[in-house]
Amino acid sequence: MTKPIVVTGTDTGIGKTVFAAALAGALDAFYWKPVQAGIEDETDRQAVLRLSGLPDARLLPEAYRLNTPASPHLAAEIDGVTIDAEALALPEIDGPLVVEGAGGLLVPLTRAITYIDIFARWRAPVVLCARTTLGTINHTLLSIEALRARAIPLLGVAFIGDENVESERVIVQIGRVPRLGRLPRLVEVTADALRAAFAQNFNTDDFLKDPAS
């Protein structure tokens, strides 16, 4: 039976893929990125393969691989590809599955459908990755509100970056959401360093609990 966890973020470039790699490795899970936009450099799937310690067979192929590094809706239009967002379904996997979105919740897959629309249909529990720098309180609380408005189950917030006790505390208090932990900035991002940092700062049992309401 598939046990999916959706990893999304408050913004792009905050370390969501690195976190997804750490989580997938810690849970000995499968990993899936439904849409990859931009394949010239290392793709997210390739990064997770490098950092998670998982065998290649655990990393499922993307539903769409787009050449252009842009929002999926625009990348698809430039590449001449039609994304059938309504047909995107969670793979049938026997065991845990980490699914990574792109950027934030309202990143468009098409001109009519955003990632949060897909997450609402899937009803899979979500981990919200948030940075710790200036502006994160507003971005994170808005993302929490958006998830709750669509009745999407939220496991909690995973902070990424340098310690910011006050911002983290305010988000947890006002957002009424569990703090899952904080992945610190790593001097060198390797599989071993990431595995150790995740084990020190997160409890894998927290990702297997029933989501907060």
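Glycine too: its Cβ is placed from the backbone N, Cα and C atoms.
These come from Swiss-Prot:
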type	residues	note
ACT_SITE	K33	active site
BINDING	G13, I14, G15, K16, T17, V18, E100, G101, A102, G103, P184, R185, L186	ATP binding site
BINDING	T17, E100	Mg(2+) binding site
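Most Cβ neighbours within 10 Å, among the binding-site residues G15, P184: G15 holds that distinction in the structure as shown. The most densely surrounded of the binding-site residues A102, L186 is A102 (count of other Cβ atoms within 10 A of its Cβ). Each residue contributes its Cα atom, and for L186 (ATP binding site) and the residue listed as 'active site' those atoms are 23 Å apart. For the residue listed as 'active site', applying a Cβ distance below 8 Å and a minimum sequence separation of six or more within one chain yields T43, D44, R45, V48, E62, V99, E100, A102.
Following the DSSP three-state reduction, the secondary structure of L186 (ATP binding site) is coil.
Around the Cβ of E100 (ATP binding site), 26 further Cβ atoms fall within 10 Å across all displayed protein chains. Burial estimate for the binding-site residues (G13, T17): highest at T17, by number of other CB atoms within 10 Å.
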